Amino acid sequence: MNATKELTFNLLNKFQDKERFGSAQRHAGISLKGFISGILFSFLYFLFQLSLFIILRSRFKTIYQANVVLKIHPGSKVCFAKKKIKNYWSLFAFLKQLPGRMLDPMEKFERNERYGLDNYLFLRFLKLLIFFFAVLSIINIPILIPIHYFSRDILKENEGERYEQSFRTTSKLDKWTMSNLSPNSSNTLICHLFLSIFVVLWFHFILSSELRFVNRLGYSVLTKSKYQNILYLEGFSSKLVTQSISLETFFQPLHSDCFGVTHFIPKNLKKVHKLEIKLNKLQKSKEQIIFEIILEKYFRRVSIHRHLIANHKRFFFSKLKNHLLFQYKKLVFLTQFRISYYCTKIRLRWKKSSIFPLYYPKLYVNTETILERKYRILDKIIRKEKLIKFQVNSLKATSETKQALPDDLSSGTDIYMDKMFITFKSTLLSNVIGELLSYRLPTQNLKVIIGPNVNDIIWRNILDSSPLWKSAKYFSANILRIFVIIGWILPVAFLGLISQIPNISSLIPFTKIIHFQSPFIREVAKNLIPIVTLIIIIEIVPYFFRWLSYLRGLKTGAQIEADVQNWYFVFVFIHLFVVVTISSGFSIIIERLLNNPVSIPALLANDLPKCANFFCSFVLIRGMAYAGGNLLRIKELLFELFYYKWKRSTPHAQFKRLKTSLFFQLGSIYPIFSVLGCIGIIYSVVAPIILLLCCISFSMVFFSFSYLFKYQYNKENYSETFGKLYIQALMQLYAGIYFMEFCLLGLFTLFDQYTLSTIMLVVFALTVITHSKISKQIKSKPQRIPTLEYLSNLTEERKDQFCQESYTFHDIFSICRNSDEIWLPRDKLGISEEEQSFLEKSYHLKFDLNMYSMNLFGDCHLENSHLH
């Protein structure tokens, strides 16, 4: 007992002797060897990922070259299966084009781009950060690095202990930062002032030019985008429910002949959606059963016609290889589909006794064959599918019929909700009317969504009609967000515990296994483990914020992405930068600020230079880790090896996976690089070497995303915001500008350079005024209404692009739009044609045999180049 108390007392004393500073400050004084070793280890791991990716990209085309498989990339015209060397030349050609794309900061957006405007602007954001930091590195590094490095390290004793405590360096690495400045070199701070002003001016020049670019580009993209002539209205006057004539009269004064069709949301729509989900599952099951029947017949018939495999190759070893491969494929098929058959062949049934009023168990052996059982299941599925189709069509027909009923307010409010979709005959008029309705009076409870993509709508939140329940969810989500931001100090505090491993291992015997004896490994672990742990901790949070945005009742995925971006940026900036920099916990920050509210500049001036080594490592390691993960896609690779390789998926399922295996949720991607950009801005003067590291890091990430968009990404971005995420990301960089100005304000004060402090205070005030004006301009200016200058430059042909088609009830309200057409793979034995003929006569089903073909081993391959 006494030993336990003594151990606890020693441990607490050990930690109590340590200052309560941020975990990033423990990297102050790290040797140059330790810094380079951590970077080198991460770079070697990135090279390993890159090498593995180059080897695997030709073997797993569905993961790494989906666009080549889908025939939508120009390089797909080459037969990659016959000449695998072409894969490597294709990659080298892509690498050859990459520097030119990176050096062109004003690369234009092509309207036929598959990945949409938001994804294009994200690539532009990465390129913009590269260009922004490259210019700063060219100017700041040659000036500031010599000033920092050759400043005197030894301070005179009578010049004050506060400078010695705050700025004395312990390694060559710290000599590259402002930590190496002494009071005698305070005259050189004028260079830091001018360069910081240049950073602010350069940022505002980039910001203003990009805002103008996004506004011009957004208008041109809107003209050709689908669903942009639709308005969603909620809380409209109940007197207008079911009165299409009244609505048309309401909008007539705005513009003659602008009104299209009104679709009120019926209250039974939730029931329709449930039936559609069941119908979609039945359609997938039906296609899967038919596919299994074809495979069953194929493997039986090929076993009889073995010469098809034996004669496929001339040489003996080739014949043996084909035979073994066929037997392996057949074994996989049998283990996957016949186990369930034999499990249901013998059943236990309860039979009533003819003598006593009791039931007794009796074994029942199912005598039907595998094919008979599958045909019986298929017949049952088709009958159930027809019944659900009839129910869905009846409900839709009822809703569509009642849309055209005479005005009956009492019955209308019972049938419909106070929510509707209105289609207009022009995108421009729809956007203008939507913006006018958005500027409602405070007493009105009208909610407007302009141009919602019907595939992006979250119907559960739209169909939620209880005001009390919606308010409860909204306030609960906001409270939980605050708890997540504040309560995440526990995982971040764990990061501080990791950095205390040497202290723990010296006191607790069993923890010595994690205390490395090798000095080199210890330096690598000290530099690398906290960074990797911080990356993992930060990556978990977006899932919480996405769920909380859904809980708030947001009605489209685009709204959720914008909401997640704002909150996740706040979280990442606080925990990745503020908490890690200033202290090991959010509560300690509050405590220090409450005790001395005016100490913010001095606090930053003391702590920021000490954390320069940590963030220099973090920026580069984060970029390499993100780029390597983007290319290798380890999760998809593991699923391919251990799940899809053993699963016989239908052609429709394989095609859907090709199109949807890669998608980006930009709301949780933008904040990561916005915060890294803020860190680069903050340390652009304090530790200018970070500017070069930011360029390298963002270039690697840009390379990985460029490859994904060119060779892999082909999914339509339903959650398109038309540049809103990009504008928010640019405005979030102001956080880096403010913290840089605060830090320099504190540094100038600590060096008794009050003239420089006054100038920096004026710069800070001008930054706040400029930021306020730009924010007001963005909020007050309607983002979807073109300027008069843009409209005056439109030709008659381009004006016609504003005209949009009308949408039916099914187009808007259906959540499952799968075709009834069944895809079957065409085989050389003609089994698919036989099955098609039989099922068309028996059940009047529709088939397509031109999309996929089946090889000799039962594997399906895409044949057609059409995207569905």
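Using N, Cα and C of the backbone, Cβ positions are placed for all residues, glycine too.
Database features, via Swiss-Prot:
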- Asn2: N-linked glycosylation site (CARBOHYD)
- Asn184: N-linked glycosylation site (CARBOHYD)
- Asn503: N-linked glycosylation site (CARBOHYD)
- 1-34: topological domain 'Extracellular' (TOPO_DOM)
- 56-127: topological domain 'Cytoplasmic' (TOPO_DOM)
- 149-187: topological domain 'Extracellular' (TOPO_DOM)
- 209-481: topological domain 'Cytoplasmic' (TOPO_DOM)
- 503-527: topological domain 'Extracellular' (TOPO_DOM)
- 549-569: topological domain 'Cytoplasmic' (TOPO_DOM)
- 591-611: topological domain 'Extracellular' (TOPO_DOM)
- 633-660: topological domain 'Cytoplasmic' (TOPO_DOM)
- 684-692: topological domain 'Extracellular' (TOPO_DOM)
- 714-730: topological domain 'Cytoplasmic' (TOPO_DOM)
- 775-868: topological domain 'Cytoplasmic' (TOPO_DOM)
- 35-55: transmembrane segment (TRANSMEM)
- 128-148: transmembrane segment (TRANSMEM)
- 188-208: transmembrane segment (TRANSMEM)
- 482-502: transmembrane segment (TRANSMEM)
- 528-548: transmembrane segment (TRANSMEM)
- 570-590: transmembrane segment (TRANSMEM)
- 612-632: transmembrane segment (TRANSMEM)
- 661-683: transmembrane segment (TRANSMEM)
- 693-713: transmembrane segment (TRANSMEM)
- 731-751: transmembrane segment (TRANSMEM)
- 754-774: transmembrane segment (TRANSMEM)
Between 661-683, 693-713, 731-751, 754-774, who has the most Cβ pairs under 8 Å to the transmembrane segment (612-632)? 693-713
Note: vs the transmembrane segment (128-148), the recorded stretch with the largest number of Cβ pairs under 8 Å from 35-55, 188-208, 661-683, 731-751 is 188-208
Any idea what the model's mean pLDDT is for the topological domain 'Cytoplasmic' (56-127)? 67
Stretch of maximal Cβ-Cβ contact with the transmembrane segment (188-208) [cut-off: under 8 Å; candidates 35-55, 731-751, 754-774]: 731-751
Spatial neighbours of the topological domain 'Cytoplasmic' (714-730) far in sequence, C-beta under 8 Å, 6+ residues away: 66-67, 70, 72, 114-119, 121-122, 124-125, 207, 210-211, 214-215, 217-218, 221-222, 225, 453, 455-456, 556-558, 560-562, 565-566, 658-660, 662-663, 665-667, 670-671, 673-674, 778, 783-784, 867
